[in-house]
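Let me begin by presenting the structure, written as structure tokens, before commenting on it.
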Amino acid sequence: MESWNSTSGGTFILVGILDDSGSPELLCAVITALYMLAMISNGLLLLVITMDAQLHVPMYLLLGQLSLIDFFLTSIIIPKAVTDFLLKDNTISLEGCALQMFLALTLGGAEDLLLAFMAYDRYVAICHPLNYMIFMRPSICWLGVATSWILGLLSALGYTIHTMQYPFCKSRKIRDLYCEIPPLLKLACADTSKYELMVYVMGVAFLIPPLAAILASYILILFTVLNKPSNEGRKKALVTCFSHLTVVGLYYGALTVMYVLPSSYLSPKQENLLSVFYTVVTPALNPLIYSLRNKEVTGALRRVLGKWFLPTQSTF
């Protein structure tokens, strides 16, 4: 069978969930609506955090970074998938596939580590409130953000270079919404068993320690919250932590099934559903989960929109 790789060029054909559905037009409309919701909600949250001075604190800096990641993650995948479906052209160049994989892995890795750092932020805020501005001073906050991005970028670079070095067989159909490692390796002509084992081990190493740190943080938070004398303070802490844990559950749940469980557990259609879940459903829900019950965010939103849309009153 004829093989080709990054040195010979070529194109892939993305056969995603839109091409393997009983009602593709309806599914396309739902995905497009979720994409627009993700763009508007994350963009609005970024705007509010940037413009409102009362939100210029570590917790909302990290939340802004999460919205930025979600904004770009869904943007590098969904518009192409929807456009390809509408134009009936599902091809993607090998270079475009490599770039899409690199960007998705960078953003996914950065979000993975950022969620752990956000759990540390909540742990310090609730368990050590008097030392919060010491443990979460700007230098530490930006170091955590930079570390998340750099480690995500480096791991993505290694994965992308290694994956795209394989020769691919004549069948160029990637049965996924976008270029991901598992479906690409199924097209390789060479033996990928050792690399698949490495991807599995690295996936476990990249996902499990941050998840363990998050769970440890929230166990300590729970003990602290239960001992709080104030019901109001206890309720506020629990609401904040519940929103974060919901996001963590949505994100880590999908990625754990994708990258930690053996690939034989999932059919291509199930892998497609999970891809849709963490590339458009989760980014659309994250800002809503964080903001709907957060009085500081909703108050800041009213202040920012009020400055723009309410007429200024002249005084005489």
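Every residue number used here counts from 1 along the chain in the order it is shown.
Cβ coordinates come from backbone N, Cα and C, glycine included.
Copied over from TrEMBL, here are the features:
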DOMAIN    41-290  domain 'G-protein coupled receptors family 1 profile'
TRANSMEM  26-48  transmembrane segment
TRANSMEM  60-78  transmembrane segment
TRANSMEM  98-120  transmembrane segment
TRANSMEM  140-161  transmembrane segment
TRANSMEM  197-225  transmembrane segment
TRANSMEM  237-261  transmembrane segment
TRANSMEM  273-292  transmembrane segment
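Counting C-beta pairs under 8 angstroms (sequence separation of 6 or more), the transmembrane segment (60-78) fails to reach the transmembrane segment (197-225), with fewer than 3 such pairs. It is 273-292 that, among the stretches 98-120, 140-161, 197-225, 273-292, forms the most Cβ pairs under 8 Å with the transmembrane segment (26-48). Panel annotation: around the transmembrane segment (197-225), residues 109, 112-113, 115-116, 119-120, 122-123, 126-127, 155, 159, 181, 234, 237-238, 241, 245, 248, 252, 255-256, 259-260, 262 of the same chain, lying at least six beyond its termini, place a Cβ under 8 Å from a Cβ of the stretch. Counting same-chain residues at least six beyond the ends of the transmembrane segment (98-120), those with a Cβ under 8 angstroms from any Cβ of the stretch are 6, 59, 62-63, 65-66, 69-70, 72-73, 76-77, 80, 92, 144-145, 147-149, 151-153, 155-157, 159-160, 163-164, 178-181, 184, 206-207, 209-211, 213-214, 217-218, 244, 247-248, 251-252, 255, 278-279. Here the domain 'G-protein coupled receptors family 1 profile' (41-290) returns a mean pLDDT of 86 for the predicted model.
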